[in-house]
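Everything on this sheet refers to the single structure shown next.
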Amino acid sequence: MSGSKSVSPPGYAAQTAASPAPRGGPEHRAAWGEADSRANGYPHAPGGSTRGSTKRSGGAVTPQQQQRLASRWRGGDDDEDPPLSGDDPLVGGFGFSFRSKSAWQERGGDDGGRGSRRQRRGAAGGGSTRAPPAGGSGSSAAAAAAAGGTEVRPRSVEVGLEERRGKGRAAEELEPGTGTVEDGDGSEDGGSSVASGSGTGTVLSLGACCLALLQIFRSKKFPSDKLERLYQRYFFRLNQSSLTMLMAVLVLVCLVMLAFHAARPPLQVVYLAVLAAAVGVILIMAVLCNRAAFHQDHMGLACYALIAVVLAVQVVGLLLPQPRSASEGIWWTVFFIYTIYTLLPVRMRAAVLSGVLLSALHLAISLHTNAQDQFLLKQLVSNVLIFSCTNIVGVCTHYPAEVSQRQAFQETRECIQARLHSQRENQQQERLLLSVLPRHVAMEMKADINAKQEDMMFHKIYIQKHDNVSILFADIEGFTSLASQCTAQELVMTLNELFARFDKLAAENHCLRIKILGDCYYCVSGLPEARADHAHCCVEMGMDMIEAISSVREVTGVNVNMRVGIHSGRVHCGVLGLRKWQFDVWSNDVTLANHMEAGGKAGRIHITKATLNYLNGDYEVEPGCGGERNAYLKEHSIETFLILRCTQKRKEEKAMIAKMNRQRTNSIGHNPPHWGAERPFYNHLGGNQVSKEMKRMGFEDPKDKNAQESANPEDEVDEFLGRAIDARSIDRLRSEHVRKFLLTFREPDLEKKYSKQVDDRFGAYVACASLVFLFICFVQITIVPHSLFMLSFYLSCFLLLALVVFISVIYACVKLFPTPLQTLSRKIVRSKKNSTLVGVFTITLVFLSAFVNMFMCNSKNLVGCLAEEHNITVNQVNACHVMESAFNYSLGDEQGFCGSPQSNCNFPEYFTYSVLLSLLACSVFLQISCIGKLVLMLAIELIYVLIVEVPGVTLFDNADLLVTANAIDFSNNGTSQCPEHATKVALKVVTPIIISVFVLALYLHAQQVESTARLDFLWKLQATEEKEEMEELQAYNRRLLHNILPKDVAAHFLARERRNDELYYQSCECVAVMFASIANFSEFYVELEANNEGVECLRLLNEIIADFDEIISEDRFRQLEKIKTIGSTYMAASGLNDSTYDKAGKTHIKALADFAMKLMDQMKYINEHSFNNFQMKIGLNIGPVVAGVIGARKPQYDIWGNTVNVASRMDSTGVPDRIQVTTDMYQVLAANTYQLECRGVVKVKGKGEMMTYFLNGGPPLS
């Protein structure tokens, strides 16, 4: 057996000092005295005895000890301890309290509290590992917690609250420079990161840059078709909104085109019909696209239909209107191209093909209709440059937007995947936790963890008192013989087979298994819910156990049997200590039940008179004569009985119950119970279903929580994400979290986090805007007469923009440049304010380059010159007078007319087109808010329209006359005939309208982009928070789990989801085992009304065990593993796994010896300050053991073997206040200069005579 089965009560805890030093002044001794007095049922006077106030053991008190004492006992300097009220809530219910989550996240200093002192003590060293000081970094701690390196060592059983290394919310991590918005380089899955969270970037080679450039033009698609469909569903509502918005602006453009055509007769029916039909088709599509029946499969069809409509409008708009001009239709072609890239939800390839096709159509039709113009080449080259620029800007806008969307989707999916994985593991841990601790205990603990509780002087305990229960102890007789014939695996399998059956029987007989002690099994009926038939349940359980062991006897051929002892009475149940919790029961009645088993007979059920009274004569009994076989029963004059058989009445009742159970089973379609052995954790790790869905993410919980589990975790994530996408409401998310016009978050914290995001593509935005500047320069150099001012201005702007691009791009290539440049680049890119200012500066330069050459053009009014030449009024001048003029005015003539020395700018509309390109450059900067863009674009529009309408109006009036005249001359083929109504809509009228249309469209696009980005940020943030909440719960449950099972054992099962039916067993070559028992605690334990029927005694035992737990938690004892407590016996071992077993240096053996001596010192200190005389006996042994987990429904880790039995005998045959070791242990310790003395030969049960030794001290100090 693993140790003595004597179950004496527990309950008490303390802090471990670096040495057995006093725990403070008289008030601390008063505290111990009060605990001692209450435990023994006597009153306590706070100002009473101060015995030992000047007595010290262990010399002077170190500062670390003083800090520890202060935190252990009192938070202030009061002379009196707070009295323990007689109606302490711990008696009637679980008063066990925990620190709140905030306490174990950050233990700040509180006036007079223990939090700061405990932190200082932990920092000083020499104590157990504690929470880091407030304000310290928790990253390493979090990593340690995640790796399972920290076990729960709660203060007041605070369940790891002091050791929590909880990760902060993702929202708290969204600081400047963390690179939360990653860049994509065009990979198939949405782009890889070019993040710069650490301030370092990636050095890109020329080849990599070229590949990245080529990747831009590739359509993005996830490798998995299912994932791609999910992505399309993810953005379906947003794409639907974009499509609707595009249709609206297209209708607006068509109406503007109709208005322009109607303003210049004669009207062309075909033109009007096509545009009207286009408007009608677009409106019908808009209605259809917003119907409920419209879904993702229809999106592509609608997009391509819209492209077809745009192409039709493009062809008709260029072929039919008069007067003809190669510059006609440029503005709407640019508009169509750009909106296809930005508002039409199509792939990059389709957008590029559409843009190129629209550009080619315009160029081809212009070439066809204006072939006779001598200046056509200039216009075509300029048009090519404008369309090329528009396509490039469209690509520069479409690419990062799609990459950002795909990345947001991927990151959200990864958050959900991690959350579901954490949730599955968390559910496994919770099932495992609830399999070890009864639900009411575990739930009470978890409730107290989240509740704020004030620090108390002593550790709190969970103790519940239950009257009228029956306790069953059962021991396998002949287990030693069985174990000697089995291998390690066979032994674990056999025990698991047997105890699995016992667990099933316990469930069927309404018994709660308490613990397995080696080959001893004990359970209680009447817990946690009271039952009137608790005695019947225990008797039936005993009969079934005896029947079950018979099958083992038949299969193995070993003479094994069961001794069963039952007693009915009162118990205290709960957990004790700080580590390796095991639910247990304590009371004098439990002790009596244990002795009933020891004094029983093999194959028989041994009951007391109290149990017999509860059986109501349903069983035939005979005298048990237990006193003849057990001294305890004889000493206490316990009348015992042996069950013979149940009466006929009881047989009929059992048959009726069995029949009802069968009917209930058949009615619900269950299969008959399977009697094969279950595997540990099989019942607790098998489920992968999702128990709750994400909340606060804009969608409701799924209704069907019993959906079939997905065999593939990836499929489960996709299914979950699909349900989330279907359930989320974009409109509701937007209305709840985002303001309508400003598009700012309603919550200031959210807005602050969003504003701190870093856009690593800022350098690309500046580069794209600079590229627009170059195109504008080339357009104007081609179409506008050259001047020195033009060249000097463009060169200056180019140098400035090159510098801005250089500084901005350094951010992604920081390793190549000096530190000052890196710092400057980082300050610009990582600050939204600075990057916005730089962006505005860049756009301003581009805008200036678009119109500044207007001031170098001839400003003479051609209308005035013609009126003077023809001797007519200004209002009478028309295009015919241009044709009739003697000066041969023409569009191709750049010589200044009317005697002006300045050159003619006969195509001022290209200034407007250049301004449109500058507006497109504004839209490239995705990090600028839509309101900021609107203000900037309105400023550009206002300035340019004022220039057009005031100083530059003559340029546009002159151009109108020349274009009309050129068209008339072409249509007349050289004749002098002049039409009556040869006119066109004036450019000074057209210009404000088309710029306003562009500003509106670009604002709507900016609003759509920012709205999408904010919703993506919100959804990802909420998904991340959900994931981190689950990870925190998972980490917490893992610490709870590690407080029940060794870390390597828990990891073994939790990491093998698909192999959870394997048994866990391990043969350990050389393990040191310790049993430490308080020999006279049973004498101390009394059940009186004054001490709450023994609860105060258990409180004292809890303090002692907690002190031992804190000692074993110290770093120097990291090789040790607490196995369990058995009443007042503390069991530990070292060298149970590869990380703690030191084959060469035997350090794990020395560590256990040091631990044993530390416990002795601690017990002396406790006696001094609690005014008690507890005597501790400790036994040590080394040798091979078998470690494993047994029990399917309530898995329990334990060790077995001869080594364990002998260590237990070293304890039971030991001498009070001495540490007894075996010869094997002696040889190792003596070789390391430990101080030992020979005790002599001792008779050991089952082993005969053994030579033993006493451990007196460690190696002498050098």
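Here the Cβ of each residue, glycine as well, is placed from N, Cα and C on the backbone.
Bear in mind that the values here come from a model prediction, so they are computed numbers and not experimental data.
According to Swiss-Prot, the protein carries these features:
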BINDING   475-480, 517-519, ARG563, LYS1124, 1198-1200, 1205-1209, LYS1245  ATP binding site
COMPBIAS  25-37  compositional bias 'Basic and acidic residues'
COMPBIAS  47-59  compositional bias 'Low complexity'
COMPBIAS  129-150  compositional bias 'Low complexity'
COMPBIAS  152-172  compositional bias 'Basic and acidic residues'
DOMAIN    1072-1211  domain 'Guanylate cyclase 2'
MOD_RES   ARG23  omega-N-methylarginine
MOD_RES   SER97  phosphoserine
MOD_RES   SER156  phosphoserine
MOD_RES   SER667  phosphoserine
MOD_RES   SER755  phosphoserine
MOD_RES   THR1012  phosphothreonine
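Feature annotations (Swiss-Prot) mapped to structure.
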| residue | record | DSSP (3 states) |
| --- | --- | --- |
| ASP475 | ATP binding site | strand |
| LEU517 | ATP binding site | strand |
| ARG563 | ATP binding site | strand |
| SER755 | phosphoserine | helix |
| THR1012 | phosphothreonine | helix |
| ILE1199 | ATP binding site | strand |
| VAL1206 | ATP binding site | helix |
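For ASP475 (ATP binding site) paired with SER755 (phosphoserine), the C-alpha to C-alpha distance reads 68 Å. Across the structure, ILE1199 (ATP binding site) and THR1012 (phosphothreonine) place their CA atoms 59 angstrom apart.
With helix defined as DSSP H, G or I and strand as E or B, the domain 'Guanylate cyclase 2' (1072-1211) counts 62 helix, 40 strand, 38 coil. The two recorded residues the residue listed as 'phosphothreonine' and LEU517 (ATP binding site) have their Cα atoms spaced 61 Å from each other.
Across the structure, GLY478 (ATP binding site) and SER755 (phosphoserine) place their CA atoms 73 angstrom apart. Over all protein chains present, the Cβ of SER755 (phosphoserine) has 14 other Cβ atoms lying within 10 Å. VAL1206 (ATP binding site) sits 68 Å from SER755 (phosphoserine), taking the C-alpha atoms as the reference points.
Cα of LEU517 (ATP binding site) to Cα of SER755 (phosphoserine): a span of 60 Å. Cβ neighbour count for LEU517 (ATP binding site) (all protein chains, 10 Å cutoff from its Cβ): 24. The two recorded residues, ARG1209 (ATP binding site) and SER755 (phosphoserine), show a Cα separation of 69 Å. Within 10 Å of the C-beta atom of ASP475 (ATP binding site) sit 23 other C-beta atoms, taking all shown protein chains into account. Distance between Cα atoms for SER755 (phosphoserine) and ARG563 (ATP binding site): 72 Å, as a whole number. Computed over the domain 'Guanylate cyclase 2' (1072-1211), the whole-number mean pLDDT of the model equals 90. Counting every protein chain shown, the Cβ of GLY478 (ATP binding site) has 18 other Cβ atoms within 10 Å.
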